[in-house]
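Novice: Structure below; questions to follow.
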Amino acid sequence: MTKTPAKKKRARSSKAKGTDANAALEARIGHSFADPNLLMQGITHVSALKSGRKRGDSYQRLEFLGDHVLGLVVSDMLYHAFPNADEGELSKRLAELVRKESCADVAKSLGLLDDIKLGSVGPSADARLRKSVLGDICEAVIGAIFLDGGHAAAAEFVKRNWTERMHKPRRPLRDPKTVLQEWAQGKGLPTPVYREVERTGPHHDPQFRVAVDLPGLAPAEGIGGSKRAAEKVAASVMIEREGVGGGNDG
């Protein structure tokens, strides 16, 4: 079917808007992609995939790669920045810097929250899902930069966004589930209850959605590759929402 002039104009306008949005996103990230599809994959949640597309077309494989690239680059940064620190001290600093909450903070500072591509999950679930996968998306973007521009480009991104954090005073690492439980006890509330809401994905690569409940409070949900990981995300979401201090461990 031949497109009418009006349809052609709308198509060009839509393409131009998409190009402008990509350019703005690249500017915030600080890397111009030779292959923009890598960036799009890095910000695409599995729920946004059309029928017939593989889970590998979402951010998850890039997240795996980016996680290891981040660990390598930050390890190198720590090795040179703290020449008198022993292996144990370096490991603790590394764990704090690469935890999901740290990655999510970087993603927030870059304004990536609204760039995540999700399927139709409803406004309430949309907001929860965006927050729960923000750290994963940051790692996926690192993976995309690595594939597109190599180690040097990925290292530049990490150094630009992690150097200042590396020199901040360390905070004690605490499990968000422990923080939430202690806060609940201080409020005279019972122990938080975690329940599995949904399990999706194949047996070898499951995704768990878990909710945490406390009387008088709206449930908070988290998503992770294991029940425990999802529980920690859910606890972190409730901690952030209720303004609880002390949840620092990813």
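Cβ from N, Cα, C; glycine included.
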Novice: Which residue of Glu63, Glu221, Glu231, Glu240 does Swiss-Prot report at the same Mg(2+) site as Asp136, Glu139?
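Specialist: It is Glu63, as the record lists it for that site.
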Novice: In this structure, which of the recorded positions Glu63, Asp67 has the fewest other Cβ atoms within 10 Å of its Cβ?
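Specialist: Across Glu63, Asp67, these recorded positions, the one with fewest Cβ atoms within 10 Å is Asp67.
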Novice: Please work out the mean pLDDT for the residues of the domain 'RNase III' (22-150).
Specialist: 86
Novice: Using the Cβ center of Glu63, Asp136, Glu139 as the Mg(2+) site position, which other residues in that chain lie within 8 Å, going by their Cβ?
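Specialist: Neighbours found: Tyr59, Gln60, Leu62, Phe64, Gly66, Asp67, Cys103, Val133, Gly135, Ile137, Cys138, Ala140, Gly143.
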Novice: Compile a sequence-ordered list of residues in the same chain as Asp136 (Mg(2+) binding site), six or more apart from it, whose Cβ lies below 8 A from its Cβ; state 'none' when nothing qualifies.
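Specialist: Tyr59, Gln60, Glu63, Lys100, Cys103 - these are the non-local Cβ neighbours of Asp136 (Mg(2+) binding site), listed in sequence order.
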